[in-house]
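Q: Submitted below is the structure of interest, expressed as structure tokens.
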Amino acid sequence: MSSTEFDLVVLGTGPSGGTVARQIAERGQRVAIVDAREFGGVCALRGCNPKKVYVNAGAVVDQVRRAQGSLLSQGEASIDWSQLHQFKRQFTQPVLDSSEDKYRDAGIATYHGAAEFLSPSRLRIEDAELQAKRVLIATGAKPVPLGIDGEQHILHSDDFLGLSELPERILFIGGGYVSMEFAHVVARCGRTVAVVQNDSRILTGFDADMVESLTRYSREQGIRFHLDASVTAVERQDGGGLRAVLSDGQSIATDMVIHGAGRVPNIDKLNLDAGEVEFGKQGVAVDQYLRSVSNPRVYATGDCADSDVPRLTPVANEEARAVVVNLAADEPHAVADYGVVPSVAFTTPSIASIGLSEAEARKQCDKLRVHADDMSSWGSVRKTGGTVAAYKILIDGNTDRILGAHLLGPAAEETINLFALAMKHDLTAADIKSTLFVFPTFASDVRQML
Ligand SMILES: Cc1cc2nc3c(=O)[nH]c(=O)nc-3n(C[C@H](O)[C@H](O)[C@H](O)COP(=O)(O)OP(=O)(O)OC[C@H]3O[C@@H](n4cnc5c(N)ncnc54)[C@H](O)[C@@H]3O)c2cc1C
Ligand SMILES: NC(=O)c1ccc[n+]([C@@H]2O[C@H](COP(=O)([O-])OP(=O)(O)OC[C@H]3O[C@@H](n4cnc5c(N)ncnc54)[C@H](O)[C@@H]3O)[C@@H](O)[C@H]2O)c1
């Protein structure tokens, strides 16, 4: 058994762990980084980036089909899954090939294996023991265990993104980000798609009116929804295939079941009790400096930290920025500046949201202005062949500040960033409306929304 001492040991090579390790090593500290899986983390290897390649394929097919007979002549637009799978690897393979070398080149020691605490300052990774002055826990999240019969037949988002062939029928458990983004791609591949959601609507964090329009459009694309239902068991059929048993008494024959029912902090194997690191269901308990409330040597960032913000890559990056400052200082003082966090589900079209919901805004503001409309007849949308688009902007009538923005339609994933900028920097609706945006662009529609 080897024993080595470090100023900082980072657990996890995702966006937050990787950034902190590199930037603290640059400051001359002795750093080690550990991952239980391939180096690169979820976002780069099994999340945002590979996912967006598939989403882009679905979006291109969607647009071509809608544009036939108007923008385009009639013709076939289809996805060759195995070609797409190969193309996706152009984005993941370089990360797999070079991540570890880049850490080593930066003087960072690399370890493979699931890390666990042996004491407040000591960790074990396989047969190595590391003594750490400080530890960053950045181990991300993993699919929540469902605790149902036949769980072994259920695949996760990692498995979906690794598929070299697509089966004829896929059932998604849950109607959140993961399921809806994948379901839209699978539907554009002409496969049978079912989504089982234990709520009366999908994408519960988004505006109800936008979700209703998106649900209608998703149905037109062939996605079948089973709402207010959950999967209680998955059985393998004698003749091949699977059968999902639903809480409402129905059962659905399918070839594959994918878990999209939420993720939980990936901390249960870390032996946090030995590290004297307090934790709960939402992750490692941290103070405003992202330092463990019980062990001052330990920090946590990203999806595994209980920082009460959405579990997204920009959030992980911002937390990394703050923790780098804190680890480099004698006393921590940097607080993550989240601003207002925008959120997008990359369905086709995408749905986007920032700030307060309409119900929250009505409670908080005595003079609320709600600017909302169906945009499907707007020129910008019709010029793409698009048939579904809408917006809802919530403005405080007292201050003219934006309280919330909710978008559905082409480029919603880009346009929402304008509202993020405006809200973070406290611009008024009049400020935005007086700005000249390039015409004709989707950004220029924002002036009409206000
Ligand atoms: C399918 C999918 C799509 C997503 N799409 C988006 C998107 O479009 N936009 C967005 O903003 N966010 C998206 N996310 C969320 C985003 O990926 C995460 O918020 C982000 O990756 C969190 O970063 P992190 O720093 O917490 O580390 P992660 O990227 O979660 O990485 C954690 C790392 O820790 C390692 N690890 C776990 N346990 C141990 C252990 N015991 N010892 C050592 N290492 C360990 C893991 O193997 C992993 O490599 C998506 C997530 C998924 C699953
Ligand atoms: N575009 C993005 O930013 C993006 C994309 C993918 C994932 N993510 C991240 O990953 C996290 C997890 O995504 P997700 O889609 O797995 O979770 P989610 O929390 O977005 O949605 C899960 C949905 O499943 C439902 N559900 C839970 N248990 C169920 C059951 N047994 N049967 C039926 N329905 C059930 C929940 O009511 C919920 O609506 C997200 O919260 C986000 O942090 C982000």
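The backbone N, Cα and C atoms fix where each Cβ goes, glycine too.
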Q: Can you find which of GLY249, GLY262, GLY275 TrEMBL lists as binding NAD(+) at the same site as GLY174, GLY175, GLY176, TYR177, VAL178, SER179, MET180, GLU181?
A: GLY262
Q: Determine which residues of this chain, when GLY174, GLY175, GLY176, TYR177, VAL178, SER179, MET180, GLU181, GLY262 are set aside, have a Cβ within 8 Å of the centroid of the NAD(+) site's Cβ atoms, and list them as they appear in the sequence.
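A: Going along the sequence, the neighbours come out as PHE172, PHE182, ILE202, LEU203, GLY260, ALA261, ALA345.
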Q: So if I measure Cβ to Cβ from ASP303 (FAD binding site) and keep only same-chain residues at least 6 apart in sequence, which ones fall under 8 Å?
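A: Looking at Cβ-Cβ distances below 8 Å from ASP303 (FAD binding site), excluding near sequence neighbours, one finds GLY14, VAL42, GLY140, ALA141, ARG263, PRO265, ASN266, GLY283, ARG311, ALA316.
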Q: Cα distance, CYS48 (disulfide bond) to VAL178 (NAD(+) binding site), nearest Å?
A: 10
Q: Ligand 1: which of the binding-site residues GLY174, GLY176, VAL178, MET180, GLY262 have a Cβ closer than 6 angstroms to it?
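A: Passing the 6 Å Cβ check against ligand 1: VAL178.
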Q: Please report how many Å separate the Cα atom of GLY174 (NAD(+) binding site) from that of CYS48 (disulfide bond), as a whole number.
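A: The Cα atom of GLY174 (NAD(+) binding site) is 18 Å away from the Cα atom of CYS48 (disulfide bond).
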Q: What is the Cβ neighbour count of GLY176 (NAD(+) binding site) at a 10 Å cut-off, with all protein chains included?
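A: Other Cβ atoms found within 10 Å: 21.
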Q: Out of the recorded positions I have (CYS43, LYS52, GLY176, MET180, GLY262, ASP303), which ones have their Cβ sitting under 6 Å from ligand 2?
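A: Close enough to ligand 2 are GLY176, GLY262.
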Q: To which of the recorded positions CYS43, MET180 does the lowest count of other Cβ atoms within 10 Å belong?
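A: Each of the recorded positions CYS43, MET180 was scored; lowest Cβ tally within 10 Å is CYS43.
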